[in-house]
Amino acid sequence: MAFELPPLPYAHDALQPHISKETLEYHHDKHHNTYVVNLNNLVPGTEFEGKTLEEIVKSSSGGIFNNAAQVWNHTFYWNCLSPNGGGQPTGALADAINAAFGSFDKFKEEFTKTSVGTFGSGWGWLVKKADGSLALASTIGAGCPLTSGDTPLLTCDVWEHAYYIDYRNLRPKYVEAFWNLVNWAFVAEQFEGKTFKA
């Protein structure tokens, strides 16, 4: 069965002024879609045929991994954003962030540093470790926390195609704008154990 490009969970212009309609048209409709097309061209006739996207990400390498992980990462990223996002988390997630980082502001500062400081194209992540603790991670290229057994809670895409139309080379400005869109309800669902399937 072929993989399909999931629709955005909001309209292309819904994240303005922080992320433009043009960026989403390129980022989702072209870049994300290209990974889907590539994956569908690579999988037939391999051991990965018939496997879920998550299974492929956890067990593949090379071109199949790169495209599968990028499909998964992007679908997860779109869900981390919302036109009604921003603000701060509440409840158990907020408590866990405070316990791990000292305060929400300190977490925000550290996550921003992790994302901005990712060398080249990659992703900044908040993850839940197997012992339930929270940690930050930076992955290069198509890197995905699923491969290390961590549970992704939040990601910021810092590939240049995520921000270049709107912010050019100013990655810090893009990450600053990202905070206005974070979908804390989605992040909380992941923290509480809801399994995300891309």
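Cβ atoms are placed via backbone N, Cα and C, with glycine included.
The Fe cation binding site feature in Swiss-Prot is assigned to His27, His74, Asp157, His161; the stated evidence is similarity to another entry. Residue density at His74 (Fe cation binding site): 25 other Cβ atoms are found within 10 A of its Cβ, drawing on all protein chains shown.
For His27 (Fe cation binding site), applying a Cβ distance below 8 Å and a minimum sequence separation of six or more within one chain yields His74, Asp157, His161, Ala162. Neighbour counts were taken as the number of other C-beta atoms within 10 angstroms of each residue's C-beta; across the binding-site residues Asp157, His161, the minimum falls on His161.
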